[in-house]
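Visitor: Structure provided below as C-alpha cells; questions to follow.
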Amino acid sequence: MTLGNSTEVTEFYLLGFGAQHEFWCILFIVFLLIYVTSIMGNSGIILLINTDSRFQTLTYFFLQHLAFVDICYTSAITPKMLQSFTEEKNLMLFQGCVIQFLVYATFATSDCYLLAMMAVDPYVAICKPLHYTVIMSRTVCIRLVAGSYIMGSINASVQTGFTCSLSFCKSNSINHFFCDVPPILALSCSNVDINIMLLVVFVGSNLIFTGLVVIFSYIYIMATILKMSSSAGRKKSFSTCASHLTAVTIFYGTLSYMYLQSHSNNSQENMKVAFIFYGTVIPMLNPLIYSLRNKEVKEALKVIGKKLF
C-alpha cells in the first residue's frame with residue numbers, strides 16, 4: 001500500500017470510540033468481562049461436547065464448530081478494541097491490519113454458513129426423519145463444515161487482496177475500532193468501484209444465500225409441525241428449533257441493521273455500536289442461548305457442578 005506521494009503506508013491509526021474516551025475505564029471493564037465470558041462459554045461448549053458421550057451427535061458437531069468460529073472472530077477484533085480504551089494513540093501496523101481483517105472475515109463468513117447448516121439439520125430431522133441418517137451422514141456434515149471454512153477463506157482472501165492493491169492519499173486514520181474494509185476504502189485515493197462491487201457481491205450473496213436457506217428451512221419446519229396431531233410432538237419440535245431460531249434472529253437482525261444504515265456520520269457511529277454487538281455480544285450470547293434451552297446441556301452442567309463443588 002502506498003500514499004499518493006508514493007510513501008509506503010506502514011501503520012494505521014484506529015480512531016475507535018474517541019467521543020467516549022472519558023468513560024474508557026468503565027467500557028474497558030464491561031467489554032473485558034463480555035470477552036472473557038464469551039471465551040469461557042464457547043470453550044466450555046467445545047469441551048463439554050468432546051468429553052460427554054451424550055453429545056456425540058451431528059447437531060452438536062455443528063454447534064462445536066460454531067463455538068470455535070465465535071472464539072476466533074471475536075478474538076480477532078476484541079483485544080485491539082480493548083487496547084483502544086487504554087492507549088491514546090491506537091496504532092496498528094499494516095501487516096497486522098491485513099491479518100486482523102483476514103481472520104475476522106474468514107470466520108465471520110463461516111459463521112453465516114454454519115448457522116444455515118444448523119437450520120438444515122432440524123429441517124431434515126423433522127420433515128424427513130426416515131432419511132435423516134442418509135442425508136445428514138457424518139461424511140456429508142464434515143464436507144459442509146469444510147465448505148463453510150472454504151467459503152470464508154475465499155471471501156476474506158479476495159477482499160483483502162483487492163484492498164491491499166489500493167493507494168492512499170487522504171489519511172491513515174481509520175474511523176473504526178478494527179480494520180474493516182468499508183472505512184479503509186474511504187481513505188483510498190484509488191478507484192474503489194471494483195472493491196465496492198466485490199464487497200456488495202460477496203457479502204450480499206453470502207447473506208442472501210444463507211438467509212434463504214434458514215428462511216425456507218423454517219417455513220418447511222413450521223408447516224410440518226403444524227400438521228402434527230400430537231401436541232407433545234409439536235411442543236418437542238418447537239423446543240428443538242427455539243435455540244437456533246433465537247440465535248439466527250439476533251445474528252441476521254444485527255447484520256440487517258448494520259448494512260441498511262445510510263452513510264452519514266451518525267450512521268458510522270451507529271455502525272460501530274452494531275459491530276460491538278455483532279463482534280463481542282453475540283459470541284457471548286450463543287453459548288447461553290444453546291445451553292439454557294437445552295435440557296441435556298443443563299443436566300451435564302449440573303453433574304459437572306456437583307463434581308466441582
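Each Cβ is built from the backbone N, Cα and C atoms, and glycine gets one as well.
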Visitor: Would Swiss-Prot have F85 and A300 facing the same side of the membrane, if we go by the names of the topological domains it assigns?
Guide: no
Visitor: Using a Cβ cut-off under 8 Å, which residues of the same chain at least 6 positions beyond either end of the transmembrane segment (134-154) come close to it?
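Guide: Contacts with the transmembrane segment (134-154): 58, 61-62, 65, 105-110, 113-114, 117, 120-121, 124-125, 128, 206.
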Visitor: Need a quick answer: max count of Cβ pairs under 8 Å to the transmembrane segment (272-292), which of 26-46, 55-75, 238-258 is it?
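Guide: Ranking 26-46, 55-75, 238-258 by Cβ pairs under 8 Å to the transmembrane segment (272-292) puts 26-46 first.
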Visitor: Please report the three-state DSSP label of C189 (disulfide bond).
Guide: coil
Visitor: Quick one: find which recorded stretch in 26-46, 100-120, 238-258 has the most Cβ pairs under 8 Å with the transmembrane segment (55-75).
Guide: 100-120
Visitor: Return the count of C-beta atoms lying within 10 angstroms of the C-beta of N155 (N-linked glycosylation site), excluding that atom itself.
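Guide: So the Cβ neighbour count for N155 (N-linked glycosylation site) comes to 22.
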